[in-house]
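Residues or ranges marked as active site, proton donor by TrEMBL: Y49. Per TrEMBL, the feature substrate binding site maps to H106. Positions annotated as domain 'NADP-dependent oxidoreductase' by TrEMBL: 16-262. The site 'Lowers pKa of active site Tyr' annotation in TrEMBL covers K74.
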Amino acid sequence: MIPSTILSNNIEMPLIGLGTTHSGGYYHDAVLHSINKCGYRLIDTAKRYGVEKQLGIAVNNCSIPREDLFLCTKLWPVDCGDAVFDAFRTSCEKLQTDYLDMYMIHMPQLPDWIVDQKETKEKTWRQMELLYEDEHVRSIGVSNYSIDDLEELSEFASILPHANQIEFHPWFHQSDLKKYSDENGILTMGYCPLAKGKYLEDETLCRIAQKYNKSPAQICLRWSVQQNVPTVPKSTDSKRLKENTDVFDFELSEEDMGTLSSFSSQNRKIVDLSNICQKMSLPDGYKLNGRVFGVPEDNERMQKSCSKCARDHNIPQPVCI
């Protein structure tokens, strides 16, 4: 069983979950395998990814009762203010559930066409609080928030976020932000824990992995969970799905933790958030090709990557633009 950590409201959250991606890279069988065979209970997604309907089918088809799963999805910024409840209800319908274990605001930014930004942010968070108070969700959170964003939110929040999901790996771990969150009872949750595999051949990392007889990826995941940071690696490979959960039978030494943390001096941020405003009005599941809007990717390749589930259930697969 994957161990859990405790949110500030005493709700348990698994320390390892399954991260999902945009619809072109979704694999139904991999989700079922992760839940049924590998012990995953935390499933992390977002309205923006365009796969909530597919995940709902997987959750409905898996062998694990809904109450034993931890479903987390995210509100896209265009659904701000009075639109929050309708967006929540739509996500629940697609996920085939009547409640969420965590509902997050995906980004601190709002669309440029919103005139009163601060008032809208306040109204949006109040709607999130109402969902929590009315027990539609078991916890509420944010994603990609900086210290400044969290401080602004705290000016009007009656309930602080239970979690802030951020990019978190040895090469970019925002230690000041984590420290601030810890001090304010906000759990740091990590995405992109393997830095998209870009540095897994690092000589120092490989030396540490050999020392513990683990893979470099497992060392990175252990580094996160040993700091009480739940993390959501993405994979569709059955072997790697299982490997990603096998990180609780060893402990990194203080020296090795420090060595891994020192990688952050390289400041290798992976996820580019500078083009968020360009993405605001894109249909769910669509991606920008790098930072250039309107350049098509290989649509045939993406269509081939569609899951059997999507084909069987006639779920449209968006393409990258």
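Including glycine, each Cβ sits where the backbone N, Cα and C put it.
Here the features listed in TrEMBL are painted onto the structure.
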| residue | record | CB count, 10 Å |
| --- | --- | --- |
| Y49 | active site, proton donor | 26 |
| K74 | site 'Lowers pKa of active site Tyr' | 25 |
| H106 | substrate binding site | 20 |
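The residue listed as 'active site, proton donor' is 11 Å away from H106 (substrate binding site) when you measure Cα to Cα.
Residue pair Y49 (active site, proton donor) / K74 (site 'Lowers pKa of active site Tyr') shows a Cα separation of 10 Å.
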